Amino acid sequence: MPAIQKPMRYGHTEGHTDVSFDDSGSCIVTCGSDGDVRIWEDLDDDDPKSINVGEKAYSCALKKGKLVTAVSNNTVQVHTFPEGIPDGILTRFTTNANHVIFNGDGAKIAAGSSDFIVKVVEVMDSSQQKTLRGHDAPVLSLSFDPKDIFLASASCDGCVKVWQISDQTCAVSWPLLQKCNDMINAKSICRLAWQPKSGKLLAIPVEKSVKLYRRETWNNQFDLSDKFISQTLNIVTWSPCGQYLAAGSINGLIIVWNVETKECLERVKHEKGYAICGLAWHPTCSRIAYTDAEGYLGLLESVCEPNGKKSSSKVSSGVEEDYNNLFDGDDASNAADFLDDGAFETPSFSKGVVSDNEGDEDFMLASSRSRRRSHMLEDDENSVDVALPKMGSGLLKEEEEDDQADHIRNLSVVASQRPFYDGPMPTPRQKPFQSGSTPLHLTHRFMMWNSVGIIRCYNDEQDNAIDVEFHDTSIHHATHLSNTLNYTAADLSQEAILLACESTDELASKLHCLHFSSWDSNKEWMVDMPANEDIEALCLGQGWAAAATSASLLRLFTIGGVQREVFSLPGPVVAMAGHGEQLVITYHRGTGFDGDQCLGVQLLEVGKKKKQILHADPLPLSRKSHLMWLGFSAEGTPCYVDSEGIVRMLNRGLGNTWTPVCNTQEHCKGKSDHYWVVGVHENLQQLRCIPCKGSRFPPTLPRPAVAILPFKLPYCQTATEKGQMEEEFWRSVMFHNYLDYLAKNDYEYEESIKDQATREQQELLLKMLALSCKLEREFRCMELADLMTQNALNLAIKYASGSRKIILAQRLSELAMEKAAELAAAQEEEEEREEAFRGKPNTSYSKTASEWSQSRLGSQVEEEAEAEDSGEADEVEETTNLRKQGQNSFSQSTNSSDVPTVKSGAVTSSHQGRANPFKVMANSKEPAISTNIAHSTNILDNMHKSSKKSIALSRAASNEKSPVIKPLIPKPKSKQVSAASFFQKATSQAGKTDEAKEDSAKKSSSETPAVSPQNSESKRPTTGFQMWLEENRSSILSDNPDFSDEAEIIKEGMLRFRVLPAEERKAWTDRAKGGPARDGAEVKAQKRPLDESNESESQREKTKEKVNLPKKRKPLDRSTNQKLSAFAFKQE
């Protein structure tokens, strides 16, 4: 099994970096171009100790409590380790030093500079210096001979030299490298290395191979290479035992060879292909730390096992001593430590040595995450013969014998034939975390930062406490809590504070809630989890709390402490969040590979209507990333952020899919900078986050400042005008989908927000249509028109006509007719549902007088609607219903036809009784056309005006000043429907109309005279257009003898009627009204019984004016636009 590559993490700003281990291997030390030396306890250490040594640090070395750094002020400095206290300057150069190293015992350091000089300095007495001169270009790297006799150096002059330290002379020089004038221009930094302990071989990375030269003879013994090496090697390092050699290339490839067999044991590719410029082998374990040229730190674990592996996990204690002989003579102590395998986490499938008699067994030292260094090697039935390790020992000592070639040949013969696994590697599972919190190991950390407030935890020698701060102090004052139970997770809402702690040997895991919004005196409750069950994640909602445990259970509680439902999670929880009645949970669906996490997500509603929205769907993440934040927007839409900085949001308008809405990394100034998300606002289209310089998490002090980032959908060619408008349009659509969700779930919201969004969207559509017209993309214009509302479509027809796009204008008109047909069908269906709703009253439901009046009036309006079912077809085209896109705010109203609402209609019930939601929707479909108001040609202005009416209606229920049943006041249906019904030859709905009228008559009070179906048919109400059309039918037919269809006659009549002067059309309308007393009677039927027949005529006139009052507010927009489009068609 290959080495385990842990996810890389940020270490320093981009630039050259160096890495090393301390003597015990307990710390990783790195330096970088930011001038800092960082001490990492582990790769997961999110708060490493940082020591600033200068403006830039080019190299660092660590030995016996001394930290030596080569910095940009041309000095080599010493600091104490790990305190980081400055301890003087060892030496100076005229330019910066490029590399610094310790010798074996830590008594000397060697430094090479860009001024072509190499210096060897005593650490305890810096006056004892030796200067090595001979290079003709900056020195790249150095390496001490383990026996302190020689020093190897590589330079930009292309030469690798070996110096004799005692007399400061050059023993040998090899012209191996490409020449350059400075280190930053060097193709390779050529970090060479001597073999540990014996120092018999010197490894030099040259182009795509590693050349090994034998000590003293300085002959090129052999080369190590691999077919997967495609770029120049940059650095080499030996394992502490001297058996293995690791090399890193400039394209991020790390190769590990067995020097004895020349076999390649490991091949690991950098996550992003950056150049490897730092490589260090752990002193005792099979770990390699590496850094790249962009400042990132990585770690390889279980790189390769020591030689002499076997299939058993236990080896006889009797052969432990013989295992030590596998290493060179004085390596015994290190070999013993190495075999204790304290840091081996997973077994590695690497080739080993097998016996000729036992070809199926190889010596593989098994390991696991749970093993400790203190485990001793024990005997078992699979133990191997002592003679076999002794044979390997003889092979390893071949460097001191003359038959080296024979032993290597024998070793290759007995090599294991097990194939080398090079497939995808499983990714370690992400641990559970609390969104909005910083890592748990920090002494001062954020336990929660959300839109309600901040929870800080202080756990140091002075104090162990929790501070709670609210953004809005009117919710609650700041609170200070003791942290005696060591709470590790927290959440905060406008109702409560929720805390959780892990279990100990004595105490169970606890869930602690401070319900500060409670009206009683007991504001706290606590629940103990069952044995062996720890809380791993928690969240708060409106009236409930939830906790996910290590037993893959999710436990629901009321905010007062009553236990609710308990259900099993599909996998180990990762994070969860709550908002209102919604609960979102992420968990592990399985094991990911090659750095990818395999996560799933569930979205539930846990209020009164319990249902599951997302059923264990996969959670999309960027490649090789993990989840960083999970939560809801302020408006209630689920969102999350991954480690690549991609923010994704649930798109309810596209089947609950996830859409990326922002890339925070695009706003970072440096590659090491990140943004820590704390909130999402859809209405304002703002992403609220904290900028973190060189880190992923903010510190608690000083208080971080919140930045606001804009959203941007990843559309193509957003630099062009077309791509920019497309992105703006769909972003507006997506970020206002929450209004439909709120309306569907009967939440309150301001309809002006929907109106403003619709207005912006229609403006963008018209601009895109105009741009497409200029580019002669008429088919594209039709696609855009399909997204428009009726008013915007009329403007599109006008624009096409003015642009002399006659074919386009004609097709747009046909599209308007199709949409009108869809509107009529939808309206008819809703009216049928309404009739069915009224026809089946609940026997246990007692109607009030107001509700009976509504039912009777609704029947009368239904009667008129049936009488006006087919009429001015062209005007019906103008009332296009875009409910499919959820954008038509012009055709949905609760007051008059020009007041927009959300398509699903948040219907507010009356205080007098239960209002009919279908009636509101039916009235909302009425077209807004009036013939007795001033002309208005700007449709966008009409959108703005209608929004004010919507606000007034939306606040009616809360203010209790205007009754909700006001929209149900009967009034004549639109002229389109009236004309369509008047000229309809065959009415298939006649039977339904008669039944509806009979039901309506039965529901009316005894004082109200019933209208029989026969009288209704003979006294069908007419409009001014109908009367005008009857008198001018002959004229239309004489001018157009080819008209055979009634619809063509109606269409031509509508065009002629619209061009009449306003006074004449008003006269025809007044003639059609004929008996206004009928409308007044209908109004009186709603307000008072009909037997009050002695009502004065003036009161009747006032009632009539009230009925006609909404008509005066209807814009003439559509009529004016139809004139213009008709004018364009007549010019043909």
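Each Cβ is built from the backbone N, Cα and C atoms, and glycine gets one as well.
Automatic prediction, not curation, is the source of TrEMBL annotations.
The feature repeat 'WD' is assigned by TrEMBL to 9-41, 132-173, 236-267. The region 'Disordered' annotation in TrEMBL covers 826-923, 950-1041, 1061-1132. Feature annotation from TrEMBL assigns compositional bias 'Polar residues' to 841-857, 882-899, 975-991, 1008-1025. If you look up TrEMBL, you'll see 861-878 marked as compositional bias 'Acidic residues'. Annotation comment: TrEMBL describes 992-1005, 1061-1073, 1079-1108 as compositional bias 'Basic and acidic residues'. Marked as DNA-binding region by TrEMBL: 1018-1087. Residues or ranges marked as domain 'HMG box' in TrEMBL: 1018-1087.
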In DSSP terms, the repeat 'WD' (9-41) comprises 0 helix, 15 strand, 18 coil
Within the same chain, the residues 6 or more beyond the ends of the repeat 'WD' (9-41) and with Cβ under 8 Å of it are 48-64, 67, 69, 71-72, 79, 81-82, 84, 277-285, 287, 289-299, 343, 670-672, 674, 694-696
In DSSP terms, the repeat 'WD' (236-267) comprises 0 helix, 20 strand, 12 coil
Counted with DSSP (H/G/I as helix, E/B as strand, rest coil), the repeat 'WD' (132-173) has 0 helix, 24 strand, 18 coil
